[in-house]
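**Q** Right, I'll just put the structure down here and ask away after.
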Amino acid sequence: MENSRNNVLTTSQTIVIIVGSMLGIGILSLPANLSKIAHNDGWIGVVIGSLYPLYMGLCAILIFKDNSYQNTNIIEISKNYFGKILGSSLSFIFTFQFFAYIIITAANMSNMLRVYLVLFLEQYKLAIPILLISVYTASKGIRALGRINEIIFYASIPLILLTVLGIKQGNILNIQPILGNPFSSILKASIEPVYSFVGIEIIF
């Protein structure tokens with residue numbers, strides 16, 4: 001009974017896990033990356049790039065709205081629609097991307113800690129503890145992951161609210177002229193938010 005409870009998430013835990021998976025550490029460098037490519041039209045790139053997580057969310061709603069898929073996952077659905085061989089191959093690619101996310105996130109987080117907090121430590125000495133803590137937490141069940149995501153989410157709210165103070169210094173002239181840059185640059189910039197929003201796939 002206890003094991004089954006550890007594998008069940010509350011609604012709030014599910015939401016914060018999805019949000020936390022999407023808005024990773026890459027969101028910190030997103031504004032600078034956008035401004036380098038599309039300058040003052042970078043915000044349009046964010047709007048275009050946000051279509052990806054919206055599309056994935058819509059797909060999840062349409063798939064799991066069907067009662068026949070309530071007790072299945074995306075891997076089983078893939079095998080049902082594409083066959084055992086192709087479905088397994090696609091499932092492997094789907095799973096492999098999360099291993100890539102783990103490595104990239106651990107590297108970026110350790111790099112940020114090294115730059116701002118512990119410059120005297122090598123990057124791998126920071127990345128290894130991060131990975132070990134993540135593995136240990138995951139071994140405690142998805143409910144433990146949900147609780148930790150809740151703590152991190154609520155703890156980060158004051159930091160997010162601090163950025164609201166910067167709105168006072170904002171000026172509409174900073175985004176004008178709208179569409180003043182080539183549309184090709186805006187499309188190129190729209191790729192950057194996709195990198196920051198990846199992780200929405202965990203909803204499946």
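Here the Cβ of each residue, glycine as well, is placed from N, Cα and C on the backbone.
The following feature annotations were taken from TrEMBL:
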- 12-30: transmembrane segment (TRANSMEM)
- 42-64: transmembrane segment (TRANSMEM)
- 85-104: transmembrane segment (TRANSMEM)
- 116-139: transmembrane segment (TRANSMEM)
- 151-167: transmembrane segment (TRANSMEM)
**Q** Do any residues of this chain, six or more beyond the ends of the transmembrane segment (151-167), have a C-beta under 8 angstroms from a C-beta of it, and if so which?
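**A** 16, 19-20.
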**Q** Mind checking which residues of the chain, 6+ beyond the ends of the transmembrane segment (42-64), have their Cβ under 8 Å from one of its Cβ atoms?
**A** 22, 30-31, 34-35, 70, 74, 77, 175, 178-179, 186-194, 196-197, 200-201, 203-204
